[in-house]
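Chemist: Residues or ranges marked as disulfide bond by Swiss-Prot: C3-C47, C14-C34, C20-C41, C24-C43.
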Amino acid sequence: RVCMGKSAGFKGLCMRDQNCAQVCLQEGWGGGNCDGVMRQCKCIRQCW
C-alpha cells in the first residue's frame, strides 16, 4: 500500500518532480511528485 501526503516544506508551485522528490526525501518520505491542477508537491512512501 502507498501513502501520500502534502509536503510540509515545499514552497510555491511544483513544476519539477525531481525538486519535489528531494524535499520529500529530506522530510523522511520515500519520494514525491507534482500533482493536481494546483501543482502541489505530494510525498509518497510505503505504508502497511
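Each residue's number is its place along the chain shown, starting with 1.
Cβ from N, Cα, C; glycine included.
On this model, are these features tucked inside or out on the surface, and what's nearby?
Modeler: Long-range C-beta contacts of C3 (disulfide bond), restricted to its own chain and to partners at least six residues apart, with a cutoff below 8 Å, comprise I44, R45, Q46, C47.
Summarising the environment of C34 (disulfide bond), the number of other Cβ atoms within 10 Å of its Cβ, over all protein chains shown, is 19.
Counting only same-chain residues at least 6 apart in sequence, those with a Cβ under 8 Å from the Cβ of C20 (disulfide bond) are S7, F10, C14, G32, N33, C34, C41, K42, C43.
Note on C24 (disulfide bond): other Cβ atoms within 10 Å of its Cβ, all shown chains, come to 24.
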Chemist: Tell me the Cβ neighbour count for C41 (disulfide bond), meaning other Cβ atoms within 10 Å of its Cβ, over all protein chains shown.
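Modeler: C41 (disulfide bond) is surrounded by 27 other Cβ atoms within 10 Å.
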Chemist: Would you please pick out, from the disulfide-bonded residues C14, C43, C47, the one with the fewest other Cβ atoms within 10 Å of its Cβ?
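Modeler: Each of the disulfide-bonded residues C14, C43, C47 was scored by Cβ atoms within 10 Å; lowest is C47.
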